[in-house]
Amino acid sequence: MSQKLQPGLYAITDNRLTPPETLLDSVEAALRGGAVLVQYRDKGSSSAERLRQATDLNSLCRNAGVPLLINDDPQLAHRVGAAGVHMGQDDGAPDEARRLLGPEAIIGITCHHRLELARAAKSAGADYLAFGRFYNSGTKPGAPAAEATVLTEARTLALPITAIGGITADNAEPLILAGADLLAVVGGLFGGTPTEIETRAKQFCQLFARHHPLYTHSD
Ligand SMILES: Cc1ncc(COP(=O)(O)OP(=O)(O)O)c(N)n1
Ligand SMILES: Cc1ncsc1CCOP(=O)(O)O
Ligand SMILES: [Mg+2]
C-alpha cells in the first residue's frame, strides 16, 4: 500500500441512499463499523448544498482520522480542505487537480476494466487505481463491466487497487483474493438504520481481516 492509504472498506455516499437528513448519521455508522476511506459522491444537489454537506463530512471524517475524498470536483475538495479527490476519465486533468491540492492529496482515478488506463493514471500521479464495475450496480448500472482478473494484473503497477460496482459483503471475497486493497461500496453498505450500516461495514472488515495481508484496522 502507500503511506496515504490503508486497505479496507471505502464508503461512498449517494443522494438516494444517504440523503441530506441521514448523511452524517450514515457515514458515522460506516466509520464506527471500520470504513478506512470515505468519498462524498453527490450528483444531484445544488452547489451550496454540496458545500454544506462536504464541509460537515470533512469535520466528521477528520475527527475519525479517516480521509474524505470528493468525487469529480477538485475545487470543492480544495475549498473544504478534503484529503483528496476521485476523478473519472471525463472529470478533468489529474495533474491540474494535483497542482491545486498539493503533493499530500489523495487522487484516485477510474480505470474501468482497462490496464492501459491504469498505466496512464499512474503516469498522471494517481494514488490509487479504481476498477469496476464487478457486479450489477443499482447506483451506476451503465458502468462498464470488469473481471476480477484485472485486479491481479494491475498488481504489477504497484499502486493501491480499488474495486467498485455492486459489491456486498456476500460477493466481496473473490475481489480481495484477486488483489483489491479497497472495496468501494454504496448500495452494499448504505440504506437502512445506522445499526444496519455499522453491521454491514463490520462484515466487510472481517473479510479484510481474513484475506488481506496488510489489513491492520481493529475495533
Ligand atoms: C472509487 C471509485 N471508483 C470509481 C468511481 C467512478 O468514477 P466515474 O467513472 O467518474 O463515475 P462517477 O462516480 O463520477 O459517476 C468512483 N466514483 N469512485
Ligand atoms: C460509481 C460507480 N462506478 C462504477 S460502479 C459505481 C457505483 C457503485 O455503487 P454500488 O456499490 O451501489 O454498486
Ligand atoms: Mg466522475
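Quick reminder: no glycine exception, Cβ is built from N, Cα and C everywhere.
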Item to check | Further 4-amino-2-methyl-5-(diphosphooxymethyl)pyrimidine ligand in TrEMBL, beside Gln39, Tyr40, Arg41, Asp42, Lys43, Thr110, Lys140, within candidate set Asn71, Asn171 | outcome: Asn71
Checklist outcome for this item: Integer Å value for the Cα distance linking Asn71 (4-amino-2-methyl-5-(diphosphooxymethyl)pyrimidine binding site) with Asp91 (Mg(2+) binding site) is 9
Next on the checklist: Below 8 Å Cβ to Cβ and six or more residues apart, same chain only. Which residues does that give for Asp42 (4-amino-2-methyl-5-(diphosphooxymethyl)pyrimidine binding site)?
Outcome noted: Thr13, Asp14, Asn15, Glu49, Arg50, Gln53, Asn71
Next on the checklist: Are there any residues at least 6 positions away along the chain from Asp72 (Mg(2+) binding site) with a Cβ closer than 8 Å to its Cβ? List them or say none.
Outcome noted: Arg41, Val85, His86, Met87, Gly88, Asp91
Next on the checklist: Can you tell me whether DSSP puts Asp91 (Mg(2+) binding site) in helix, strand or coil?
Outcome noted: coil
Next on the checklist: Using other CB atoms within 10 angstroms as the count, which residue among the binding-site residues Arg41, Lys43, Lys140 scores least?
Outcome noted: Lys43
Checklist entry - Given the binding-site residues Tyr40, Asp91, which one is most crowded in terms of C-beta atoms within 10 angstroms? => result Tyr40
